[in-house]
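Feature list (source: TrEMBL):
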- B:18-195: domain 'MacB-like periplasmic core' (DOMAIN)
- B:275-391: domain 'ABC3 transporter permease C-terminal' (DOMAIN)
- B:20-38: transmembrane segment (TRANSMEM)
- B:275-295: transmembrane segment (TRANSMEM)
- B:315-346: transmembrane segment (TRANSMEM)
- B:367-389: transmembrane segment (TRANSMEM)
Amino acid sequence: MLTTHQLSYQYTKGNTIAFPDLSIVEGEHFLILGQSGCGKTTLLHLLSGLLRTQKGAITIDGTNLSELSSKSLDTFRGQYIGVIFQKPHFVKSLSVEEHLLTAQYLAQKPQDRQKIKSLLAPLNLLSKKDKKISQLSEGEKQRVSVAMALVNEPKLILADEPTASLDDYHAQEVADMLEEYASKANATLIIVTHDQRLKKQFPKYLELS
Amino acid sequence: MNLFKLSWRNLIASPWSTTLNLILFSFGISIISLLLTVSDQIKTTLEKNQANISLVVGAKGSPLQLILSSIYHIDTPTGNIALEELQRLEKHPLISSVIPLSIGDNFEGFRIVGTDTRYPALFEATLRQGTLWKSPMEVVLGSTVAKKLHLAIGDEFQGAHGTEEDGALHEEQAFKVVGILTYSGTVVDQLILTDKASIWHLHEEEHHTHNEKHSHEENTKEVTAGLVQYKSPMAGIMLPRAINKNTNMQAASPTYETARLLELLGVGFGAIKTLAVIIIVISGLSIFISLYNSLKERKYEIAYLRVLGAKKQTLFGLILLEGIIVALIGYILGITLSHLGMYILGFYLEEAWKFNFSTFYLMKEEFILLGIALAVGIGAALLPAWQAYRIDISTTLSE
C-alpha cells in the first residue's frame, strides 16, 4: 500500500537525512519511532506530501507522489490521506460541523451532513457540532481532529505524536481510539512518535536513529 | 461549504475590524457618489433652465447675480430697468425677442413673476388646466406650486413683498388663479406667473396708500430684467458689449456665467473629491492591514487547509475574496447611503435650486466607481493573498 525507496531529504541548512525503505501493507498499523531531531516529522511531511520528494520515491496505492503536480498532490492528499497532529490546528471562525464540511469541500467530495452526524455520534461530539473549536475541551479537540482525518474515508491515516503530551491513561485512550477507527475505516495507520509506550500496542514498528 | 462562505466566515469572525473597514470604505464611496450625483443634477438643472435664452439684460451690478435671479430665480434681482429701454432693444435687427420679467413679490415663498405669455413657451410649459392670464391680477401656477399650496383654478391669494417668505402683504389686491401648467422639470414649475402689468398695478396702489416717495416718474414703467433671444449667433459678438457701453443696463450671458459658476463649484467639489479619494485609499490600507495582521494569526489555519487538500490557488482566492467582499458590500452601502442622503438633501435643494432632484437612478460614473471599488479591494488583498499562496506548510506546521 505504501512503499518508500531510497528516500532522503536535504535541509536548506545543508545536512542530509536518509530514511530506511518502508513497505507497509494495506490495513496495517505501523509505528515509526525516533527521538526528536531524527527527522521523523520530515518523514511524515514527505509521506503526506506536505514536503515535495527530493530524492527517492514514495508510492501510495500505486501513485508515485513525485510524479504529481503541486495541484494534484494537494487533491491527492485531501482524498487519500488523513493527518492527525500533536497539537491540532483549526479554523477559528468555523464550527465543528463546518470544519468537516470544509474538509469534504476541499477534498472535492460531496458535502454530506448525514455522514458527518454518523461520524460525530460515536466520538461523543454530536452535541458539539455547532460549537466553535475554542469552546471545546482539549479532549474534544483531539477527537475533532480524528473526525477530520476520517471524514473523507482516507486509505492512509498519518498521526504525528498523538500521545506525546498525555499521561498513561489518556495516551492509552487515544491509541485505542486511533486503532479502533483505523480498523473500522479499513485504513492503513502510521503513527510517528517518540513515545515508547505505544510499542506494546503496535508490534510493527521501525526505529529511526 | 464553499470559498465564498469560508471568506465570509473569516470576515465575520473579526466583526470590529470588518465593520471599521466597511464604514471607511462606504463613507468614501458615498461621498464620491453624492458629489457625482449632485454636480450632475446641478449641471443639468442649470442647462435645462437656460432654455433658449441667449442674453439677459438688467440693472447694472453682478452679472452672475443677474443670471441667478432672472433665469434660475435663486438670487435677488440687481435692480430695475425701464421697460422703454427693453422695447427699444427689441427693435434691434439682430434680436428676435426680449421677454420682460418683473420679480419682487412672492406667495408662501414661491416667486411671483410678472412677464408676458411668451415666457412659459420658452420652457415648453403647456397648460394643464384653465387658460393663460388675460388681464392683470390673473395668475398661472407652475405645477409644483399648485401641488404644494393646494391651489386650484378660481382660488385667490395675496402676494407678499420681497422674493422670500415673510414679506409685507399686498393686502388690497388679490391674485386669482386662472391656469395651472403641466410639469416641465424646469424652474417654471416653482413659479407663479402673471402679466407684468399686475406688478405695476400692485405697487402703484401701494405707493398711494403708503404715501411713499419715488425717485422716478409715475408713468415710467419698470421691469427687473429682459430675456433676450438672438436672431443670429452673430449678435453674441457685438451686442453684449454695445449694451454694456451705451445703455444703463448690463448684459450677461447665461452660458458664460453658468460655466463660471460650475467652475467655482468645481473647485469645492474637487477638494471634497480629493478628500473622498484619500478616505478610500485609507480604507484600502485598512483592509490591507487587517488582512495582513490576521494572516499572521491564520498562518496555521491556512497550512491546515492545505493539509485538508486546499490548493495554493484556492487559498490565494480565499484571501482575495475577502478583500472583494468588503469592497462590494462597502460599495453597496456607500451607494445606498449617498442616494438616501441625496433624497434628504433633495428637499433642501429643491427650495434652494428650484428644481426637483431625482435620486433613484445610477449614473454611468457610479458603475465606474464600482470598478474602482473592486480594484481597491483586490489591490488591498493582493499581497496578503500572495503570502497565503506562499505559506510553507511543512515549516509552519512544525513550529
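Backbone N, Cα and C atoms are what each Cβ position is placed from, and that goes for glycine too.
Of the ranges B:275-295, B:315-346, B:367-389, the one with the most Cβ pairs under 8 Å to the transmembrane segment (B:20-38) is B:315-346. Residues 10, 14, 17-18, 20-21, 24-25, 27-29, 31-32, 35, 302, 319, 322-323, 326-327, 330, 372-373, 376-377, 379-381, 383-384, 387-388 of the same chain lie 6+ residues outside the transmembrane segment (B:275-295) yet bring a C-beta within less than 8 angstroms of a C-beta in it. Away from its own ends, the transmembrane segment (B:315-346) comes close to residues 3-4, 6-8, 10-11, 18, 21-22, 24-31, 33-34, 37-38, 283, 287, 291, 295, 302, 305-306, 356-357, 359-360, 362, 366, 369-370, 373-374, 376-382, 384-386, 388-389, 391 of its chain (Cβ-Cβ under 8 Å, at least six residues beyond either end).
Taken residue by residue, the domain 'ABC3 transporter permease C-terminal' (B:275-391) breaks down under DSSP into 102 helix, 0 strand, 15 coil.
Here the domain 'ABC3 transporter permease C-terminal' (B:275-391) returns a mean pLDDT of 89 for the predicted model.
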